[in-house]
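Among the features that TrEMBL reports, transmembrane segment is placed at 72-94, 100-120, 132-154, 226-246, 276-301, 313-332, 339-357, 363-387, 425-447.
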Amino acid sequence: MHSHWSVRNESSFMPVNCETVRIFISFLSIRWGINQKPESVAAMGSFFLSSESSAPSAPVKLSSQPGFVSFILSRLMAVFAMQIQAVVVAWQVYDMTREPMALAYVGLAQFIPMLLLLMPAGDLIDRYNRKVILMLSWGVQAICGVILLVFSALKLQDLRLIYGALMLYGCARAFTGPALQSLLPQIVPRDQLASAIATNSVIMRCSTVGGPLIGGYLYWLGGAELTYSVCVAAFIAGILFLAPVATPFAGKPVELGSSAWGRFTAGIAFIRSRPIILGTISLDLFAVLLGGVVALLPIYAHEVLHLGPQGLGMLRASMSLGELGVGIYLSMRPLQRNVGMTMFLAVGLFGVANLVFALSTLFWLSCLALLIAGAADMVSVFIRSALVQFSTPDNMRGRVNAVNMLFIGSSNELGEFRAGTSASLVGAIPAAIMGGVCTLGVVGAWMTGFKSLRQVDRFADASPPDVLNAQPVKQA
């Protein structure tokens, strides 16, 4: 499950909502070359959210933060490339083999290097320039795209080359996730972090909706060569957008007082000391690890729904569309109370929606089920991300986010391996049904085992005083 909020009184969030719309309009202006004057952007924001016109202004607007829009554009390009590549690799591998285990190895090839490198990656991210690390990791992902492009252009049939490229891709992703999560708090001040997370989430969901759709149609129009070329270009564009971004709110780097092993395990120790965070990210881990159906989509597209690559793209985009819709709704009406129970209800709904998808033989019903699953996923991911960001000091974010990304990687890539293996043993439909049932079982077990998470009312309730008092000061 893959977003972000904080809870204060309703009036204090009104400027955040309007600012999210202004940033989104500004982004559209840059994306399509519209010459928007600042006053017209403000007017459009007020038009969409006229009820907020009387709200007090936030002390600092996101649009005035140096590099924030460039950061959003850079991440948009990279996520766009990742989504396209995920669709094409899955379709290409299954089209070549028609073997569910081949899809299982796609997830495993990415997970193994992530598992080995995430802890050292978190330590390096806390000690060195996060922006440079992120640019280098996107560069490696672009190289992986070139390898896959050459593989397709030469009409090679040895899947070991694809798996090798995906292992290199997994190495880069070990750095990408923690660096991305840890870089945003260095770009904007803490009092604007919730707004930045909201804006970032909504715009990123646009990419995760468009990426699979465009990936499927690009493959249908020009094959793997055209699609991988677009991926490489998008990664390069992301690097170019990120290069000028400043980090005025960076904290002090980690001191080398402890051993390398001590620094690696500090993130784990931090999470273990906060049962609410541990319960949140482990709930997400096991719910998706046991119940995710993304790896089964090529099989459903081929064998159950009888679709082409563009149909597979629509299935993948349906989940992202649900995430986008909920993200926009939450930006208008932020989550304020009953955070813990909302988390459990969202994960439960995710399991039910996956069960409906597992049993569906109708294209429209399958898309609807995935849309609902994506909507529930957005709520869950938002709560998890907000709890992690607001409860972690800046000099620990790299290592804590590395552990968080290890959980996410385990749920996604290892979950794909689990789904592919199950499908090869019992068939795709029984595997998907068992996954949905397991997700509901996880929800019940975690509600019993993590009572402190269930009882969380506001996000502020989970943020200890030592973190609240550790906000980095803007550097001159």
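Glycine is treated like the rest: Cβ placed from N, Cα and C.
Remember, it's a predicted structure, so these values are computed and weren't measured experimentally.
Contact between the transmembrane segment (363-387) and the transmembrane segment (313-332) is present: at least three CB pairs lie under 8 Å, with pairs separated by 6 or more positions in sequence.
The transmembrane segment (132-154) makes contact with the transmembrane segment (72-94): 3 or more of their CB pairs lie within 8 A, with pairs spaced 6 or more apart in sequence. Sequence-distant contacts of the transmembrane segment (226-246) (same chain, at least 6 residues past either end, Cβ-Cβ under 8 Å): 66-67, 70-71, 73-78, 80-81, 84-85, 88, 131, 134-135, 138-139, 141-142, 145-146, 148-149, 152, 187, 214-215, 218-219. Counting residues 6+ beyond its ends, the transmembrane segment (72-94) has Cβ neighbours under 8 Å at 23, 27, 30-31, 102-103, 106, 138, 141, 145, 148, 152, 159, 162, 166, 176, 180, 199-200, 203-204, 206-208, 210-212, 214-216, 218-219, 224, 227-228, 230-232, 234-235, 237-242, 245, 295, 297-299, 302, 309, 312-313, 316, 320 in the same chain.
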